[in-house]
Amino acid sequence: MEKDMEKALESDHGAQRLPGEEDQQPRHSIANDLEKGCDGPADGQPRIGDSSASDTVTLDEHEAQRGPEVQPVPVRSRSVTRDSKPPVPSPEPSPGAVAEKDPFEVIWDGGDADPMCPRSMPTARKWLLVFVTSFGSACVTCASSIYTSSYAGMNAEFGSSNIVATLGLSTFVLGIAAGPVWSPLSEFYGRRPVYLGSFLLFIIWIIPSAVAQNIQTMIIARFFQGFTGAAFLSVSGGTVGDLFSREAMQGPMAFFSVAPFIGPSIGPLVGGFINSYTDWRWTHYVLIIWGFCLLVALFVFVPETYHPVVLRNKARRMRKETGDDRWYAPIEKMNKSILGTIGYAVKHPFVLLVSEPMILALNLYSAILLGILYLFFGAFPVVFEGNHGFNLWQSGLSFMGLFVGMAIGGTCAPIWAKVRLRLMVKRQQELGASAPVSEPEYRLPSVMVGAIIVPIGIFWFGWTSYASIHWIVPIIGSAVFAIG
């Protein structure tokens, strides 16, 4: 009997792990919320130690007969046996040690199934949020181009020239370039306050344009329109990642990505009809009405979706319900200042441009495409009003080629997704990996094809812009450019 007891005790003691050897999971971090999604354990209770067998003391049946029933004792991150001695803390953690997980750190319960996780929303509601934010982006970018249709009436009233009036377009684009410095505010306050605050300021800065009495007021107000609207543009893209997992993101992201490009193409179309039948100031009044409707939609339909901030709201609710102030979210332990984060957001893009040739090349390519797109706003009136005798609203309709081309290009996104998946599977077979392997270069095929289509469309438009050639031909050329 004594030998049996000794063997049982040795077996039980051998099953325990030494302090520091138990499996531990890495601490939840804010930076990987969008990357990993709503991952977390299925329970919302405090996690004491690890979930492995080493977290409880198991007594042999022969030991249990010595006295009253003994319940398993929860132990925090440490294995305990009958012969255990108080552990001596090491002066320094080993280099490979992982920090112990705090049981009061609030994470998602049940992963995507957590009721507070944005990814647990019904699919219809997710798409509603995508539609609202996409139309908001289209409104901001539409404001950049709709202004060009008011040149004639504005110049007649202010006594300015087209060249001076074009400064209003340039300052708006400069404002869009500078506006993203405010996007880091979402890391502290969430996306919803940035949405509402930036869009409200965007609408307010349209008012000076609508009531301007001189061209100087118009040019300055246009800069701040772009500056405040860009904050919305820079944050809204993250909402798609908040709502959808990486596998389900392709469709919503394709829809959202097309919206900012469709805005500039419909601006002259809408502005052409407005300025043909009413005063040029109604160009800005319509933007105010459109923006106000979207602001109401943002307020009513779009909740907070930024995962770290939603977790902070969850932690606050748990502290209130339990009366225990130890519950906290990772964002509440963040030691970053707003000014420091904004400074980093200003500096880091330039560092990447200098240190990463691929980023520099792609940014130059995007800048050239956007530059050509905005050049069309000056070229179309010359071609279609000067050479083909179009009136203002007909000239606005000529931008439909750009609209149709961008819509076609956006619908091709699933095709390029399949191409990328095929390349990932091929790479998986080459490496013998258990899952498809992604490489950054696998996103380039669409860019490579577009780089061929774009110059074809530009030459097509330029070589067919003569009065002797039917007006539909250059419009088709602009559509080819937009597809690329």
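Cβ coordinates are placed from backbone N, Cα and C, and glycine is handled just like the others.
Nobody curates TrEMBL annotations by hand; they come from automatic prediction.
The structure displayed is predicted, hence computed values, not measured ones.
Some features that TrEMBL has for this protein:
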- 1-15: compositional bias 'Basic and acidic residues' (COMPBIAS)
- 1-100: region 'Disordered' (REGION)
- 127-147: transmembrane segment (TRANSMEM)
- 129-484: domain 'Major facilitator superfamily (MFS) profile' (DOMAIN)
- 159-182: transmembrane segment (TRANSMEM)
- 194-213: transmembrane segment (TRANSMEM)
- 219-241: transmembrane segment (TRANSMEM)
- 253-274: transmembrane segment (TRANSMEM)
- 286-311: transmembrane segment (TRANSMEM)
- 362-384: transmembrane segment (TRANSMEM)
- 396-417: transmembrane segment (TRANSMEM)
- 444-461: transmembrane segment (TRANSMEM)
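Distant neighbours of the transmembrane segment (253-274): 130, 133-135, 137-150, 233, 236-237, 240, 244, 280, 282-283, 286, 373-374, 377, 380, 392-397, 399-400, 402-403, 406-407, 409-411, 413-414, 482; these residues of the same chain sit at least 6 beyond its ends, with a Cβ under 8 Å from one of its Cβ atoms. Panel annotation: around the transmembrane segment (396-417), residues 149, 250-251, 253-255, 257-258, 261-262, 264-273, 373, 376, 380, 383-384, 390, 445-446, 450, 457, 471, 475-484 of the same chain, lying at least six beyond its termini, place a Cβ under 8 Å from a Cβ of the stretch.
Only residues 6 or more beyond the boundaries of the transmembrane segment (127-147), in the same chain, are considered here, and those with a CB under 8 A from a CB of the stretch are 121, 168-169, 172-173, 176, 195, 199, 202, 206, 209, 222, 225-226, 229-230, 232-233, 236, 239-240, 243, 252, 255-256, 259-268, 270-271, 283, 286-287, 290-291, 294, 297-298, 301-302, 305, 374, 377. Most Cβ pairs under 8 Å with the transmembrane segment (286-311) belong to 194-213, among the candidate stretches 159-182, 194-213, 362-384.
Per-residue pLDDT, averaged over the domain 'Major facilitator superfamily (MFS) profile' (129-484), rounds to 89.
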